[in-house]
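Down below is the structure, laid out as structure tokens.
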Amino acid sequence: MTTLFKNIKELIQVRTEPISYVSGKAMSELPTIKNAFLMVNNGLISDFGSMNDCPKTGFSEVIDATGRMILPSWCDSHTHIVYAGNREGEFVDRIKGLSYEAIAANGGGILNSAKKLQETSEEVLYQQSKERLEDVIQLGTGALEIKSGYGLTVAAELKMLRVIKRLKENYPIAVKTTFLGAHALPLEYKENKEGYLKLLIDEALPKIAEENLAEYIDIFCETGYFSVEDTELMLEAGKKYGLIPKIHVNQFTAIGGVQAGVKHHALSVDHLEVMRDEDIEALKNTKTMPVALPSCSYFLSIPYAPARKMINAGLPLALATDYNPGSTPSGNMNFVISTACIKMKMTPEEAINAATINGAYAMGLDDKVGSITKGKQANLILTKQINSYGFIPYSFGTNQIEKVYLKGKEICI
Ligand SMILES: N=CN[C@@H](CCC(=O)O)C(=O)O
Ligand SMILES: [Zn+2]
């Protein structure tokens with residue numbers, strides 16, 4: 001099956017030569033072709049160019065995109081979309097003045113979600129999670145990473161990971177899986193952190209490897225959660241089973257997590273709301289992608305990651321949602337790029353690069369998605385009639401997507 005998209009007002013994020021990611025000044029370059037065609041063969045991008053060179057034959061279906069733009073689907077490299085129930089009660093508590101930290105210290109927060117998840121069957125968890133996945137696909141996400149970390153027992157962590165595996169098998173979207181057993185300390189281990197980490201290392205990791213349930217390992221490296229030492233221990237343990245680090249660091253405090261990530265060749269370090277100069281320095285000339293999560297800053301009213309400082313220092317930056325029940329109950333990448341422009345002073349070009357090719361790199365999918373490149377999956381956003389791509393972040397809160405395609409097929413859920 002070969003599909004020709006013709007008369008595309010502007011084809012965005014065109015990379016004739018494959019690239020892994022863009023950094024620094026290059027983030028402000030977003031290559032496009034105006035009045036373009038795009039050919040998709042068996043789910044993969046097979047050709048593209050100016051309408052002047054548009055093939056006249058060799059396709060079985062034609063889609064006329066007059067007045068509309070096409071860009072690669074969003075690549076959301078940091079989500080927790082598998083969770084049970086919600087934390088609307090805590091949302092209201094925060095409106096009334098309690099802090100996110102105080103709620104967590106009183107047994108709410110991650111522990112609240114873990115209790116709910118432990119009491120929820122695998123089937124119900126799957127049904128709740130699949131609705132969220134379908135929602136984000138309609139919002140233009142074409143690849144995403146999903147973490148465990150709301151189980152906090154071996155059985156419940158495995159339940160989460162099996163749900164992720166089922167989502168991966170049942171939907172045409174690219175999914176990468178991360179084991180985040182060290183997300184918070186369960187109550188039973190309140191005085192025995194070593195015991196909990198030992199449980200994760202000796203019991204959870206071997207089972208995860210046996211069932212091939214994860215590609216990445218994560219830990220919440222933060223004051224009051226897990227230390228740099230704990231982080232190094234978990235990353236070393238994960239490495240023995242072939243799990244690559246992608247870690248939560250510098251959300252509330254900077255304690256050296258970025259350096260630990262770099263030392264252990266983390267694919268990404270995520271959050272980064274609090275960045276010291278030495279943390280920015282540590283990321284220079286490494287293969288570790290910094291990932292900012294602006295919707296989390298928005299929802300919790302905490303600082304935004306200093307995007308300008310990082311990009312001006314020559315670093316790359318990816319943007320992701322952090323979709324989770326506590327700090328970011330939204331998986332809308334369109335809102336993420338708007339917020340990155342409005343609050344973090346990223347230009348539309350930088351934000352689109354951060355949400356496509358750099359996001360793809362941050363989950364090890366840069367050879368498959370994230371740009372209009374021959375051989376990549378045809379995961380595409382067809383916009384409504386808009387005058388420029390900058391209109392997408394500008395018109396925040398308004399859906400500018402007309403259709404989404406995964407592996408070349410229109411997705412109607
Ligand atoms: N910060 C750690 N973990 C999640 C939120 C956890 C929660 O509140 O449920 C995050 O990335 O923001
Ligand atoms: Zn997170």
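Just so it is clear, glycine is given a Cβ too, placed from its N, Cα and C backbone atoms.
The feature domain 'Amidohydrolase-related' is assigned by TrEMBL to 69-410.
Marked as Zn(2+) binding site by TrEMBL: H78, H80, H248, D322. D322 (Zn(2+) binding site) has a Cβ environment of 29 other Cβ atoms inside 10 Å. In the three-state DSSP classification, D322 (Zn(2+) binding site) falls within coil.
For H78, H80, H248, D322, the entry in TrEMBL reads Fe(3+) binding site.
According to TrEMBL, the feature 4-imidazolone-5-propanoate binding site maps to R87, Y150, H183, Q251, S327. Q251 (4-imidazolone-5-propanoate binding site) falls outside any helix or strand according to DSSP and counts as coil.
Here TrEMBL flags Y150, N324, G326 as N-formimidoyl-L-glutamate binding site. Y150 (4-imidazolone-5-propanoate binding site) counts 30 other C-beta atoms within 10 Å of its own C-beta, drawing on all protein chains shown.
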N324 (N-formimidoyl-L-glutamate binding site) to H183 (4-imidazolone-5-propanoate binding site) - Cα separation in whole Å: 13
Among R87, D322, S327, the binding-site residues whose C-beta sits under 6 Å from ligand 2: D322
Among H78, R87, H183 [binding-site residues], residue with fewest other Cβ within 10 Å: R87
Contacting binding-site residues, sequence order - R87, H248, N324 vs ligand 1, Cβ under 6 Å: H248, N324
Intrachain C-beta neighbours of G326 (N-formimidoyl-L-glutamate binding site), sequence separation six or more, cut-off 8 angstroms: R87, E90, Y100, G109, I110, N112, S113
Residues that sit under 8 angstroms from Q251 (4-imidazolone-5-propanoate binding site) by C-beta distance, when 6+ apart in the chain: E222, H271, L272, E273, V274, C296, I302
